[in-house]
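If you check TrEMBL, you get these features:
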TRANSMEM  6-31  transmembrane segment
TRANSMEM  43-63  transmembrane segment
TRANSMEM  69-91  transmembrane segment
TRANSMEM  103-126  transmembrane segment
TRANSMEM  270-288  transmembrane segment
TRANSMEM  345-364  transmembrane segment
TRANSMEM  376-396  transmembrane segment
TRANSMEM  408-431  transmembrane segment
Amino acid sequence: SYAHLAFLVFQAVMQVVLVCMLGFWAAHVRLLNPALQKHISQLNVMLFTPCLIFVKLASAITADKLVDLAIVPVLFVLTTGVSYLAALVINRFQGFNQRESNFVIAMAVFANSNSLPVSLTIALAQTLPTLKWLPDDTTDMIASRGILYLLIFQQLGQVLRWSWGYNTLLSNYIGDEISMRSSQLSTIAMSAKPLLSEDCSTDTSGSSDISDSPTGSLFYRADQALLPSFNRSFRKDFNRSARGRIVDNTIVRHVKLFLVKAMGYMNPPLWAMLSALIVAVIPPLQRLTFEQKDTFIYRTFTSAVTQTSQVSVPLILVVLGANLYPDDVATPPSPNFKRIVASSLVARMLISGAVLIPILAAFAKFVHISIVDDPIFLVVLFLLATAPPAIQLSQICQLNEVFEREMAAVLFWGYVVFTLPVTMVMVVMSLEVLEWA
């Protein structure tokens, strides 16, 4: 019944709300002041979140499953692209500046695929018999598949969130400032000077046109005064060698520049994802780390990382609740505070869903490949289409000290007010589409 579904959704939402209330209370009694909240967020990003990513991804993905799950990245690109276009349309009508537009894009693109959808998927798997896909399906098998699908979406979102979101959309830098920041990093790679300056150009006739640099002058004087008998063929060989050195040095410097920029873009969550993928695609290493529970590796490394990972989500929710408590230290709100909050919620939970639902329904009806026939997969897609913005975005805003008040307002209205009715509608629609398909 619809009342029972509403109760399930209410239970999943209340799990998030109750933990957030603890953080709100902690901020009210001054246990979590804004400075401490930022330090806790940094600790979570640097330690607990990477452990969570590593454990979830490395233990659930295998080389065989990667083939069957190849459709998930395609749908992730589709949903992300639609959300991005929805944010661009809103921004165009609202006339926001670049920082405000980037914030709205981040809210629209990065949906919650962890806490709320996972809780709701487990609850639905245990109560709805229509979600069975295989004859011998059990509730645990259905829930495990749903969590696996969510996990793939979550990790793809994590990569985008901690790269594009952290470094660009919710960064302290915008436009030319980002380019200036990148150029400052590139000076490290450019610091090593080549033996022959690139200012030394050589014409096609074989004569050497040396620059006015001290090195160039030295070569010129040596050629003219000390060695007047150099023949033209030797000079051509010398010039070809010089051009070769210049090309080699240019390639080396471009490689250095690329590596410096790539290293500057990486952060602990991204390193954890890379490590998890390495473990996942090497079956013996994955079995040693997660399946052989009587080994030294499992009892020490795996157990320690798993215990540490369990701190991440509760800590995020506690800090989120603390962020909701009003204070005078957080970054001041934007003059367009209300419009930014409203635009973010409309782009994420209304426009994106209105465009994606017909596409996903047609996809379920006419595409019969791989996991598309799995009923829980369709439910997951519908939940993600209108899920509220990711809670983890509050971490990024707090670390970068941008739009903290706007972020708190978006999460409050998204989770406390709109999640219950919107999620209720999505679950019912997914079940109706499931019967139609």
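Cβ atoms are placed via backbone N, Cα and C, with glycine included.
It is 376-396 that, among the stretches 69-91, 103-126, 376-396, forms the most Cβ pairs under 8 Å with the transmembrane segment (43-63). 376-396 is the stretch from 6-31, 69-91, 345-364, 376-396, 408-431 with the greatest number of Cβ pairs below 8 Å to the transmembrane segment (103-126). Contact check: the transmembrane segment (345-364) against the transmembrane segment (408-431) gives at least three Cβ pairs closer than 8 Å, residues 6 or more apart, which meets the contact criterion.
Here the transmembrane segment (69-91) has long-range neighbours at 61, 100-101, 104-105, 107-109, 111, 148-149, 152-153, 156-157, 160, 343, 346-348, 351-352, 355-356, 359, 363, 369-372, 381, 384-385, meaning same-chain residues at least 6 beyond its ends whose C-beta is under 8 angstroms from one of its own. Of the Cβ pairs linking the transmembrane segment (408-431) with the transmembrane segment (6-31) and spaced 6 or more residues apart, 3 or more are under 8 Å, so the two regions touch.
Beyond its flanks by at least six residues, the transmembrane segment (270-288) meets 49-51, 53-54, 56-59, 61-63, 66, 155, 158-159, 162-163, 295, 297-298 of its own chain at Cβ-Cβ distances under 8 Å.
When Cβ-Cβ distances below 8 Å are used as the criterion, the transmembrane segment (376-396) is approached by residues 16, 41, 44-45, 49, 75, 79, 106-108, 110-117, 120-121, 124-125, 131, 133, 142-143, 145-146, 149-150, 153, 157, 161, 165-166, 170, 316-317, 319-320, 323, 344-345, 348-350, 352-353, 356-357, 360, 364, 404, 407-408, 410-411, 414-415, 418-419, 422-423, 426-427, 429-431, 433-434, 437 of the same chain, each at least six residues removed from its ends.
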